[in-house]
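Chemist: Features from TrEMBL:
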- Glu146, Ile147, Thr148, Arg176, Gln190, Asp194, Arg334, Tyr338, Tyr339: L-histidine binding site (BINDING)
- 45-56: compositional bias 'Polar residues' (COMPBIAS)
- 75-397: domain 'Aminoacyl-transfer RNA synthetases class-II family profile' (DOMAIN)
- 22-80: region 'Disordered' (REGION)
Amino acid sequence: MAASASASLRHHLLLRRRPRFPLGPSPTFRTSSLPRRHQRLFASAPSSSTVENGEPSSPVEPSDGASVVDVNPPRGTRDFPPEDMRLRTWLFDQFREVSRVMAFEEVDFPVLESEALFIRKAGEEITQQLYNFEDKGGRRVVLRPEITPSLARLVIKQGKSVSLPLKWFTIGQCWRYERMTRGRRREHYQWNMDIFGMPKVRAESELLQAIILLFERLGITSSDVGIRVSSRKVLQAVLNMYSVPEHLFTEVCVIVDKLGKLTREEIEKKLVTIGLSSEAVLGIIEVLSLKSLPKLEEVLGSDVEAVADLKKLFSFAEQYGYADWICFDASVVRGLAYYTGIVFEAFDRDGKLRAICGGGRYDRLLSTFGSEDIPACGFGFGDAVIVELLKEKGLLPDLSRQIDDIVFPLDEELEGPACSVASSLRRQGRSVDLVEDKRLKWVFKHAERINAGRLILVGKSEWERGMVRVKILSTREEFEVKAGELQ
């Protein structure tokens, strides 16, 4: 039996080597190979350039003068080759598993939305960062910069056909034309979890647990990451103390959200510019510097709704068992205009990265789209910053390619039987790479590269007896198995 297998191997190794392509640089896509009308399209477009050390490099000009298409993705965007796609899939699986244990249902929406969903007049940065344009039907559309308005649109569309509360999650791509920094690109994927129809802070406490469950699944601890918590109602109470007109509330929120990005003097100047008194500005800055909930209670009083909400939330945190993850920070207001109550954002305690995620309550968003309001809250959790944090902490998993079996015919005439073997194994749920037209030495190296578990050789003498030879690659154990009994 072993002699027969050896004979098949020797026969294969004596086969004439097939010609191989020479090694060299990747082929360049030349527009000269395109139809003439397509050549004109490429010739009329401005050429892209790659970036080296932060500086644009000149596009490569081929010797024959034909135009060359830049194979790099647009600035601020990403390709996902297999190794990056494995990481993305793994991370999305973590998002989905946490959503599952929290009993949320998955939804999705188009990346292309109506521009009206995202145009607001509160001075938000996001409205200046839109990828927006007019489509061929004359409609103003946008590549969505965030997900919550799309979610709100779907809730309105569903109407009374769904019962409250709604607990929905999605993982979608967002686009913003903004300055790029570490963990910030012009496109990113975002995990959103939102609850509609729960007016009490129990909803926020559920969302916070979801975030913390994810961190724990990824190996991140409360010594690595914290979550700052406050309420928009804190700022509203301060404005009421100084009789600031209610219509200025959103503008004030957008300005004070830049604390830490702008100097205190710049923030004060902007607040005065929109009509606040110097006394009110000083009061706002002093309250927003508070990091203690008892001190906030001393300033605002215990009967203020913001204080009551926050005290309840911190009480829930004790009961859920994540009190060590969260801290009060009155400066957290979040930059989006629609937030109305509790707001929060996760940060790395080393201070090396931007916010990991953020969210809060938005009870009055639906009415801005002409519908009846429903109490709601949610968060957005991007894919870029969390990956940077996992790299920083050495927590990225080993996601090497792994294949169950390689099936390899030792003779060209055995390609049909090899297909039969591979098909049978795939129907059993095994991942199978069917390899042909290669030398056996290459197959062994290939098996090592893709972490294959078994090599299944289809040889002539074995197949005549209804057998195949199996090699367990981790132990080098070899044996024959009936082809119909292979599992």
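Positions of Cβ are set from backbone N, Cα and C atoms, glycine also.
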Chemist: On the 0 to 100 pLDDT scale, where does the domain 'Aminoacyl-transfer RNA synthetases class-II family profile' (75-397) sit on average?
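Modeler: Its mean pLDDT is 92.
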Chemist: What is the total of other Cβ atoms whose distance to the Cβ of Arg334 (L-histidine binding site) is within 10 Å?
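Modeler: Other Cβ atoms found within 10 Å: 20.
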Chemist: Measure the Cβ-based neighbour count of Gln190 (L-histidine binding site), defined as the other Cβ atoms within 10 Å of its Cβ.
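Modeler: A count of 21.
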Chemist: Would you count the other C-beta atoms found within 10 angstroms of the C-beta of Thr148 (L-histidine binding site) for me?
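Modeler: The answer is 23 other Cβ atoms.
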Chemist: Hey, which of the binding-site residues Glu146, Tyr339 is the loneliest by Cβ count within 10 Å?
Modeler: Glu146
